[in-house]
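Colleague: Below are the C-alpha cells for one structure; questions will follow.
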Amino acid sequence: MMTPTELITHYRIVQHSFAPLRLSWWETNRVIAVQIWRDSSFFTRILIAFIGLCLLSIFSRLTRPRSLRRLGIPGAVQPRFSTWSLDFKKVLEDSAKKYPNSPFCLNAFGTEYAVLPSKCYDEVKRLPEHQASAFAFFREAFHGAWTGAGVQTPELGRTIAVELTRGIPSLVHWRQMDCAEAFKMCIGEPSEWREIQLFEAIQRIVISVNSSSFVGRELGTNQNWLRLIYNMPLQLGIPTVILGWTPFLLQPLLKPFLFAPLRMTQRKIKSMLRPVLENDVQEYEASSDKKNLLSPKEQGKVQLTGWLLSRYKGKLDFEVLLQDFITVLFESTPSTASTLFHVVCELAADPALQDMLRQELEEHTDNGSLPQTHLNELRKMDSVMRESARASPFSYLVLYRKLSIPTKLSMGPELPAGTNICVDAHHINTSPDLWDQPHTFDGLRHYRARQQPQNENRYKFANLGSDAPSWGDGLQACPGRMFADNTIKIILTHLLLNYDVKLRPGESKPEKGAMPNGSIVPDVWAKVLFRSRASSAVNEGKK
C-alpha cells in the first residue's frame, strides 16, 4: 500500500526518468498518473478519487457566477418542503408581499434571476436589446450552443413580424382545411363520447396546422414529422433540468450526452426539410417576377423561404435557412398549445360558453368558412382567449433579459453585466386595480370592455401592453403573436363547429402546476370527452 509520501516520491522518480524523452508537461503527467493509479492499492485509489472530487467541487464553487445576494438583494421566500413539489405561485405571492419595493433572487435549474416587481414592467420593456437581451437570456438558460435555443437572426424576426403577419388573411380557408386534416388524425370523428388525452392531442394539432402552413401539408400530416417536432420541447427541457442540478464544472462533460437525442432529432428534421427548402430556393431563383411570387397566396404554404431569401439578399447559408425553420417550428408550438389547452378546458367546463361562441361563429362564417381577415370579427372568442391567457398564462414571470452592461433600475442596487432579470407578471394578471374579481374566469370580461367607444382597439388577445404581459413588450415582444392568434381561432372554430367537448363526470378543470423558473405546466395527463357533432346528429336521427 502506497502512502501519500510514497506517492510524491514515486512521482518525482518517474518524472526524472522521463526527462530525457522531452515529453510535454501534459504527456509526462498523463503517463505518471496512469503509472501511479496502476501501482496504487484499492484504498489509495479511493483516497485519490475523494481528493479529486473535493478539489473539483471547490473549483466549481470558486468559478461559478457570484450570487446577487452579495449586492443586498434578498432571496425568494421559500417553502419548507422540497422544491420538487414547489408551489411557485405561493413563493411569488409571499416574496412580493415581503419585498413590495425590491427585487428578489430566484435560482432555478442553475440560473439565477433578479425578479422585479410588476410595477417595473414598463421600465424593463423599454430597455434596448444591446443593454438587456431576451435572446441572450434564452441562449444561456437553455444552452443555445448545443440546442439552438435563443438563436434567431434579425431577418427571421422581421419576416415573422411583417411578411407572415401580412400573409395570414389570404390563407385562412386553406388553413381551415389543414386544421380539418389535423383533427381527423388526432381526434377522429367519434359518434359517441370518447376520452382524449387533451394536451397531447392539442399539441399534435398545433404542430400539424403550423407545419402545414410553413412546410406544406405533406409534412404537416406526416406522423414521423409530428413525432419529431413533438419531442423537441421534452428533449430540451429534461436535460436543462438535469444540468441545473449538476456542478458547473461537470456540465460541459454531460452536455454532449444529454443533448444527443435533441441533436439527433434536429438532424432528422433537417433531412426531411432539405428537399422542401431546396425546391423553394430553386423556385425563388428561377422566378422573374419575385414580387408576385412573394405576394400572399390563397392556397399552399406561406412563402417563408422566399421572404427570408429576399431579406438575406444573397448572403444566406443554407444551414442558416434550415435552422430558421427549426426555430419557427419549435417556437410556434409550446406557448400556442398551452394557451389552447387552457381555452379548451374552460369550454369543456362550460357548455353555455361553447354555445355562445357557436352563435358568434354562425354570424361570421359562411357554411363554416371564416372570412379571409385577421379574424378580429370574432370578438367573443378573442375575449375568451385573452381571459384564458390572463387566468392561465404560459408563465408567472415575463420580460426575461440578460444584461450586457451594468444597469441601475428605479429600485434595487446597480445590477452588474451578466445579470438575468425578469418581471413578476402574476400580480399584473391578478391585480384588483386592473380587474374586477381577478381570481374568477370571466370569458366575456374583455368583450364587455371593448363595448366602450374608447376601447375599440384595446383588450385584444394579441395586443401588447402592461395589462397583457404574456407576449412581452417593446421591441423584443413576440413577433409571431398575430400568427398564434390566427392559429388558435382557426382551431377553436373547427372544434366548436364539429365537436362537443365536456369534462369527465365528477371532474373539475385540470389543475395547473409550475416549474421553479415560473413556467406554468398544464396537466399533460388530463383527459376530456369529445364527440363529433355531425356523427352524433346522424345517430340521433336514426333513433
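In case you wondered, yes, glycine gets a Cβ from its N, Cα and C as well.
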Colleague: Of Asn429, Asn517, which does Swiss-Prot mark as N-linked glycosylation site?
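Modeller: Record says Asn517.
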Colleague: What number of additional C-beta atoms lies within 10 angstroms of the C-beta atom of Asn210 (N-linked glycosylation site)?
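Modeller: The answer is 25 other Cβ atoms.
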Colleague: For Asn210 (N-linked glycosylation site), which of the recorded positions Asn367, Cys478, Asn517 has the nearest Cα in space?
Modeller: Cys478
Colleague: Since the record lists Asn367, Asn517 as glycosylation sites, which of them has the fewest other Cβ atoms within 10 Å of its Cβ?
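Modeller: Across Asn367, Asn517, these glycosylation sites, the one with fewest Cβ atoms within 10 Å is Asn367.
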Colleague: Sequence gap of 6 or more, C-beta under 8 Å: which same-chain residues meet both conditions with respect to Cys478 (heme binding site)?
Modeller: Trp471, Gly472, Ala484
Colleague: State the Cα to Cα distance, in Å, between Asn367 (N-linked glycosylation site) and Asn517 (N-linked glycosylation site), rounded to an integer.
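Modeller: Asn367 (N-linked glycosylation site) to Asn517 (N-linked glycosylation site), Cα-Cα distance: 45 Å.
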Colleague: Hey, does DSSP put Asn210 (N-linked glycosylation site) in a helix, a strand, or just coil?
Modeller: helix
